[in-house]
Amino acid sequence: MDGDNQTTVTEFLLLGLSGQSEQEDVLFGVFLGMYLVTIIGNFLIVLAISGDSHLHTPMYFFLANLSCVDICFSSVTTPKMLVNHTVGSKSISYVECMTQIYFFITFLNMDGFLLSVMAYDRYVAICCPLHYTMIMKPRLCILLVAASGVITNLHALLHTLLMVQLTFCFNNTVHHFFCDPYAILKLSCSDTFINDLMVFTVGGLIFLMPFTCIILSYAYILYNVLKLPSAHGIRRARSTCGSHLTVVSLFYGAILGVYMRPSSSYTVQDTVATVIFTVVTSLVNPFIYSLRNQDMKRALRKLISDSRIRKF
């Protein structure tokens, strides 16, 4: 290659969601609003669960952890985009980009693992109700969350360490609003065979483990629900699993739409799907889990009422 093309990249340029300044101004306001609602909504969920002893159960323990992860996940990508727009820059340093990739992979997979743990919790509650408290002990709940955290961090570390071994030459333009690992990988001018192999094998395994757990859990739930003699039992199972199924469908549907089909470049559909699982899912989770849940509504009302009393 030419000497110019061998220049080591020290920063990347994030083109964002739109190349037009007028649209970027509108998108800035939209993303700022969504980010603030995401942080406030998920933080309220955590406060409501921690402050209400009636919600100190496995299901709400996992939900509180999911809200914490959603706060972190949305904070990996959105703030940098908002800061860049404010200062009129599109650049992100090499170190910042690699750091963003690490935490993006970590919290993306942590979301998936927590959703699978919640699916297992619903399976035990519906299919083994008499043994629920004996199976879902606090120690097991903590172990499941801790194991998910260890696995996802090690997985992110593997891909990030492989990424920093690559050489990035002249092209440093990323057609995205954050350092998407796959977009960055395509910019490398060195051999990416090992990276592609690890994405296909280890990455595929990390994706399939929670996804398979969710599918199997709901297959057993459906099988048991269909055997219920009363409509009341079916309605109860639907109300118990409805919120979780909605989030799972939104989250995995968007991921499958982006990463599980061949594409030489990002399309508008890819961008929309990426926004859904990086921003929208974290935004709507508090609403999905609280609007249809009477216990959460009561806990949130209690939290707001207590906060007003403290003011006076």
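Just so you know, glycine gets a Cβ as well, placed from its N, Cα and C.
Since this is a predicted model, take the numbers as computed values, not measurements.
According to TrEMBL, the protein carries these features:
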type	residues	note
DOMAIN	41-289	domain 'G-protein coupled receptors family 1 profile'
TRANSMEM	26-48	transmembrane segment
TRANSMEM	60-81	transmembrane segment
TRANSMEM	101-120	transmembrane segment
TRANSMEM	140-158	transmembrane segment
TRANSMEM	197-221	transmembrane segment
TRANSMEM	242-260	transmembrane segment
TRANSMEM	272-291	transmembrane segment
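Against the transmembrane segment (272-291), the recorded stretches 26-48, 60-81, 101-120 differ in Cβ pairs under 8 Å, and the greatest number is found for 26-48.
Count of Cβ pairs under 8 Å against the transmembrane segment (101-120): among 26-48, 60-81, 197-221, the largest is for 60-81.
Tertiary proximity for the transmembrane segment (26-48) is limited to same-chain residues at least six positions away from its ends with a CB under 8 Å from its CB atoms, namely 16-18, 55, 63-64, 67-68, 70-71, 74-75, 78-79, 81-82, 85-86, 279-280, 282-283, 285-287, 289-290, 296, 299-300, 302-303. For the domain 'G-protein coupled receptors family 1 profile' (41-289), the model's average pLDDT works out to 89.
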